[in-house]
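Novice: This is the structure, below, for whatever I ask next.
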Amino acid sequence: MESLTLQPIARVDGAINLPGSKSVSNRALLLAALACGKTVLTNLLDSDDVRHMLNALSALGINYTLSADRTRCDITGNGGPLRASGALELFLGNAGTAMRPLAAALCLGQNEIVLTGEPRMKERPIGHLVDSLRQGGANIDYLEQENYPPLRLRGGFIGGDIEVDGSVSSQFLTALLMTAPLAPEDTIIRVKGELVSKPYIDITLNLMKTFGVEIANHHYQQFVVKGGQQYHSPGRYLVEGDASSASYFLAAGAIKGGTVKVTGIGRKSMQGDIRFADVLEKMGATITWGDDFIACTRGELHAIDMDMNHIPDAAMTIATTALFAKGTTTLRNIYNWRVKETDRLFAMATELRKVGAEVEEGHDYIRITPPAKLHHADIGTYNDHRMAMCFSLVALSDTPVTILDPKCTAKTFPDYFEQLARMSTPA
């Protein structure tokens, strides 16, 4: 297996313009495909997940052109639900941001489409979404294991009264929200359980509004959506920088700044993961906000005990930042980590122990006490981009760290290690 050893880093300084947000990129692509008119998307993320969405749209007859660097996409909308000419199988890798929204959108009208992906995708639950779509009339079959992909979709979704479990993934609700306006009937969506990663629902609602559709949101417990609507292209749309990707650089600034400035997100960002900067501030770093930037300056870091339900992806970065904080850090209400690219709670606990931390892994929490000195270790990444990027921070000590399968960052940030090196002064 390929590996990358990062030597100790004495200081991190400078600015980075972030690649486009994965969450925003894939939502914007799907809405542009469903909309009337042509949309020009700029600062689109070039990553595995986005390529899977683009390949699927192409197979469904959507025409688009990409710039040479794949960050600008001119896409001609279908002016309504996507149609397959004949039976079709779409391979979506391990892209949850493609699988969940497409599973819903392709239940409109009469299609026969199979959605499948990598082995890990077949372990990521989708049963709550399928249950909700069936309540709205959709015909869906599980082809292997009950409640998991691959799925066969045969249309039939018309809307109506629907319940969705919000406790596992907000992507299920996102998928229903984006699909419901195109259903023939009005839809009332009721959320059961505590809604995880609520800020991601705000991204969805924001983007739908940009494409001309507004829905009634009753305290995130009930959403009322008029049927028979159309999305309309906004013309041009700039994809915000990825706030989850910003977390690694901001944390590096907190641990070994200098000052690190990330551009492409700021106080006006719609992504909940910008709140990661507030957590660093609580830990002792100095944060400066602009409309389209966030800067972080080193501080003496101390442990925190916090509910991280609102920023589950960026919270992973706090787990490795905790190695540099005084005291024991506890991250709570993060069960959602278990159903991501890998079981992130298990993976994080396992790899933190390798570098010497004392770790308690609970059902939905993790407690981390740093060692007096970090140990060199070979870090397993579990084909999870965030594991690779989180553990790069170990090099901000006086100990090297070896990252196994470093290219797994291609899911959201193909040149992450080059960018980190550019801003780093070796010890």
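Numbers run from 1 along the shown chain.
Positions of Cβ are set from backbone N, Cα and C atoms, glycine also.
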Novice: May I ask you to find which of ASP141, ASP307, ASP313 Swiss-Prot records for the 3-phosphoshikimate site already listed with LYS22, SER23, ARG27, SER169, SER170, GLN171, SER197, ASN336, LYS340?
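Specialist: For the 3-phosphoshikimate site that includes LYS22, SER23, ARG27, SER169, SER170, GLN171, SER197, ASN336, LYS340, Swiss-Prot also lists ASP313.
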Novice: Around the phosphoenolpyruvate site recorded as LYS22, GLY96, ARG124, GLN171, ARG344, ARG386, LYS411, what other same-chain residues have a C-beta within 8 angstroms of the site's C-beta center?
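Specialist: Neighbours within 8 Å of the Cβ centroid, excluding LYS22, GLY96, ARG124, GLN171, ARG344, ARG386, LYS411: ASP49, ASN94, ALA95, THR97, ASP313, LYS340, GLU341.
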Novice: Listed binding-site residues are ARG27, SER170, SER197, ASN336; which of them have CA atoms within 10 A of the CA of LYS411 (phosphoenolpyruvate binding site)?
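Specialist: Hits: none.
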Novice: When you put ARG386 (phosphoenolpyruvate binding site) at the centre and draw a 10 Å sphere around its Cα, which of the recorded positions SER170, SER197, ASP313 have their Cα inside it?
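Specialist: Near ARG386 (phosphoenolpyruvate binding site), where near means Cα within 10 Å, the recorded positions are ASP313.
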Novice: Using C-alpha atoms, which one of the binding-site residues ARG27, SER170, SER197, ASN336 comes nearest to ARG124 (phosphoenolpyruvate binding site)?
Specialist: ASN336
